[in-house]
């Protein structure tokens, strides 16, 4: 064998075989370097994009005035002011602030819209006359707060209990409602109506309802029209009856009955002379009917 053939055989022996493990590792490394996207990751990306689009739609609806299923934490809940409650409720906590595993701490500031006083009704009259029963009822309500004050309303058979915070008032309202006291009466507890402070304490002028009666008004309101005057009312029957009365004569208006006297009108005489002393006509007394 020549030297050239030996060199070719050595080169072929030194070349790596594709079936060997080394060649397989190099092929896997080449495949790993190729940027391919798994099918599962593609689906996850699509779902994440869908959630972001839905969140964007919800934000657009909230800014455009559309209907939202869930209230935003930045929005304020308005309460009916006619019930004595404040116009705005404190903002809702954000989603990440409250942990579902741990119970949130109760803050007294979140109950500012609740009244701090309760009204106790259906109190037995014996309680107002007995100081011991009064003290027993006061101690019953002091179990919720030691700083409670009491106002006894004997005429109404009621008691007003004032607390320093709304939580104590709410606990007393819930636990002592329909409570049997002294085995004689069942008391009832209600929240007292809170007093809402007003910014303007001055009286407001009345509504200009009487401007329609002025013809024409100083400054006619919207929709004002002149009112037509009604025709004068003339009672011709009354004028004819007065004309039939002759001066100096008596006229019977109502005849006499068994239990009532007659009604007679005596007309006055006209003065024939000039101004001076005039003689008054005598007043004839009406005769009473005879009684059996």
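Positions of Cβ are set from backbone N, Cα and C atoms, glycine also.
Looking at 34, 246, Swiss-Prot tags one of them with phosphothreonine, and that residue is 246. Just one residue in 24, 102, 286 has phosphothreonine written against it in Swiss-Prot, and it is 102. Within the list 52, 67, 250, 257, the entry that Swiss-Prot describes as phosphoserine is 67. The separation of residue 219 (phosphoserine) from residue 246 (phosphothreonine), Cα to Cα, is 54 Å. Neighbour density for residue 246 (phosphothreonine): within 10 A of its CB lie 9 other CB atoms from the protein chains shown.
Cβ neighbours within 10 Å of residue 219 (phosphoserine), excluding its own Cβ and spanning all shown chains: 9. Look at residue 219 (phosphoserine): DSSP puts it in coil.
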